[in-house]
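Asker: Quick one: this structure, given as structure tokens, is what I'll be asking you about.
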Amino acid sequence: GTGADNDLYINQAIVFIEDAIQYRSINHRMDSRSLWLYRWYYSRTCQWILSLTITLILALAFIEKPSSLTVTSDVRYRPPAWNPPCGLTESIELLCFLVFVVDVSVKSYLVGWEEFWKNKWLMAYILTLIVSLADWIVSLSFFCTENLRIRRIFRPFFLLQNSSMMKKTLKSINSTLPEMASVVLLLAVHLSLFTMFAMLLFARTKDGQQDKEWVVYFRNLPDSLTSLLVLLTTANNPDVMIPAYSKNRAYSIFFILFTVLGNLFLMNLLTAIIYNQFRGYLLKSVQSSLFRRRLGIRAAFEVLSSLKDSPANAQQPYVSVGALLRVLQKVEMDCRCKQAIMRSLKISSCDHLSAAQFQKLFEELDKDAIKQHPPSPEYQSHFMQKLQFAFGHPYFGYLGNVVALANIVSICVVLVMDADKQPSERDDFFLGAINCFFILCYLLEMLLKILAMGLKRYLSYPSNRFDGLLTVILLVLEIATFAVYGFPHPGWRPEFMGLLSLWDMVRLGNMLIVFRFLRIIPNMKFMALVVTTLLDLVKNLRAFAGILVVVFYAFAITGIMLFQGAVVPLGNTSAVNTTYDNGTLKCGTYEQLEYWPNNFDDFAVSNWNPSLFPSLLFTAYLLCVNLICRWAKIYFVAWWLISSVIWVNLFVALLLENFIHKWDRRCHREPLSDIEYQRTVELMFRDVLEEPTEEELMEKLHQHPHLQLCR
């Protein structure tokens with residue numbers, strides 16, 4: 001009937017608009033039951049359950065065998081870890097797999113059979129689940145005693161496939177690889193040539209005392225290549241060149257040329273190529289996101305124009321304002337955008353909207369998120385108005401910064417004076433007195449600002465919330481100190497009482513005061529620009545962090561399977577300057593430097609810092625005896641290429657892009673004092689994006705597998 005058709009069109013428009021808001025594809029089933037299932041699947045509750053399941057299955061690596069539940073990772077002192085009984089983590093895993101089965105089933109049904117075969121991510125999702133379930137069954141059949149669990153390596157895929165932005169980022173990285181490969185190949189040629197030069201320069205001679213460079217670093221081709229590769233990371237600089245330099249200073253020319261060509265030219269050239277290429281592919285990705293948004297809005301217009309209350313004799317399709325208001329009431333979207341669209345509809349005098357007018361209304365989604373601060377209170381008293389003007393003036397904030405600087409200077413003076421004193425020789429009276437004085441100053445400043453600005457306006461500024469929270473914490477800590485130890489007085493050195501000693505509590509208060517000094521950042525324009533750039537990266541570039549988690553996780557699991565138990569303690573001894581001849585440890589080695597906590601015995605330890613590349617390479621390559629560990633260098637070189645070479649340069653490229661974008665905006669527009677602009681990744685490129693044409697949108701809509709348009 002007519003009523004049922006109208007309800008279907010309304011529901012279709014709601015889903016299309018929500019797809020446009022979230023940059024989702026509109027190629028899914030459009031019948032009433034499928035629309036209800038689609039909205040349920042993308043509801044906050046359902047997505048929260050899915051995110052929790054992904055987090056849970058990733059976190060299992062910390063508690064399942066080999067467990068990370070030990071106080072220390074040092075193999076010399078680490079007690080036996082608690083390992084869960086067989087079936088505990090496997091039961092949690094099975095529940096997670098069931099959620100993923102429901103997830104992939106719903107996704108596959110909603111896109112339809114024809115689209116399913118075109119979607120490589122869905123097919124990979126199903127294949128990953130099949131392999132994981134098969135490996136899970138194998139684990140139970142061996143009563144959880146097997147060491148090789150293939151399904152653990154595939155777990156990061158569940159995180160990857162659940163984020164559309166991560167998929168786009170991965171696609172952009174994949175498109176950038178050919179250009180990066182050319183520079184990596186050039187690096188390989190650079191390493192190969194200098195390796196041959198090194199083997200010729202530092203060949204073995206008759207005088208064994210002069211062959212230290214050959215013995216330690218350039219004994220054969222693999223050792224020579226490894227030494228120069230580690231030098232490229234600067235991790236063994238200047239150790240690798242010291243024996244040759246002590247023999248003849250002319251050898252330094254070789255190492256200078258290698259470092260200049262490799263680090264200064266090729267590595268920076270790689271950064272430039274990655275920045276240029278990745279920015280272009282990311283721009284294309286954001287362009288496709290804009291196309292999805294415009295397509296979703298246009299699809300909503302087309303289905304709403306099919307309603308029975310639309311004018312039938314019009315030459316062009318129109319949508320009634322009443323129908324759009326019905327849709328907006330049910331759409332899940334940001335309140336700011338919804339209110340802005342409704343205001344525009346009320347201001348407009350027309351009862352029907354054309355396609356261009358309909359699209360223009362929803363351009364509100366593309367605008368900067370603007371946060372306007374509440375107004376200050378209006379006082380009737382002339383005296384209060386003067387106080388409000390004085391304490392609300394920017395100079396009052398500058399005065400607070402001067403007080404904070406004076407506090408920092410006084411703390412530094414006390415720390416320098418007491419640096420070499422024993423705890424029993426310290427007189428904490430001066431430090432306690434100045435802390436009390438400055439905390440009262442901070443409290444007075446906070447109260448006066450609240451008086452001038454009002455509580456709501458005061459709390460609307462992040463810097464004020466930061467100041468206020470630290471002031472309250474400092475005040476509570478100071479009151480607790482006085483309650484336990486009394487007021488400061490000369491010779492104030494009370495004994496340890498409670499959970500913290502006096503010195504610990506004072507030190508905690510001082511650290512908070514130092515942290516509070518960060519309030520000056522918003523007053524320094526260039527520093528504020530740098531900080532906001534970093535904060536925007538943290539807020540908006542979660543997809544890149546997600547892919548980094550995927551890489552870390554996969555390499556950590558692989559490292560456990562390859563090198564677990566490779567680090568064997570030689571005893572609780574520490575050497576300082578020893579040799580191999582007398583049975584002790586050589587200076588600068590893994591054992592002598594006591595890197596025992598850095599190993600691959602559990603998941604938490606395996607998420608190591610990339611800067612540990614040479615020491616871990618030494619461990620895995622020298623302490624292992626099986627065939628796999630002879631090829632350990634391949635694992636670490638692959639990690640270095642992905643994390644340090646590719647990923648760090650990608651991060652630098654994105655940092656540059658964000659900073660340049662903010663710098664350009666700063667030059668072209670002065671920020672308003674009462675307005676804060678919040679940008680997203682899509683809005684970073686908004687000025688250079690091209691709007692899709694009418695023909696492109698309609699052609700794509702006519703290709704929709706589940707939507708039949710009237711025209």
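Each residue, glycine too, has its Cβ placed from N, Cα and C.
Because TrEMBL annotations are produced automatically, they should be read as predictions rather than curated entries.
The transmembrane segment feature in TrEMBL is assigned to 41-63, 122-143, 180-202, 253-275, 395-417, 429-448, 469-488, 508-531, 543-563, 612-629, 636-656. Look at TrEMBL and you will find 68-278, 397-659 tagged as domain 'Ion transport'.
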Asker: Same chain only, please: residues at least 6 beyond the ends of the transmembrane segment (543-563) with a C-beta under 8 Å from a C-beta of the stretch. Say none if there are none.
Answerer: 58, 61, 66, 147-148, 152-153, 155-157, 159-160, 163, 165-166, 168-170, 173, 599-603, 606-607, 619-620, 624, 628-629, 632, 635, 639, 642-643, 647, 650-651, 654
Asker: Count the Cβ pairs between the transmembrane segment (253-275) and the transmembrane segment (469-488) that lie under 8 angstroms and are 6 or more residues apart in sequence, then report whether there are at least 3.
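Answerer: No, these stretches are not in contact.
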Asker: Counting only residues 6 or more past its boundaries, what in the same chain has a CB within less than 8 Å of a CB in the transmembrane segment (122-143)?
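Answerer: The answer is 86-87, 90, 93-94, 97, 100-101, 104, 107-108, 111, 116, 149-151, 154-155, 157-158, 161.
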Asker: If you count every Cβ pair below 8 Å, which range out of 180-202, 429-448, 469-488 shares the most with the transmembrane segment (636-656)?
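Answerer: The listed stretch sharing the most Cβ pairs with the transmembrane segment (636-656) is 180-202.
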Asker: Taking all residues of the domain 'Ion transport' (397-659) together, what is their mean pLDDT?
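Answerer: It averages 71.
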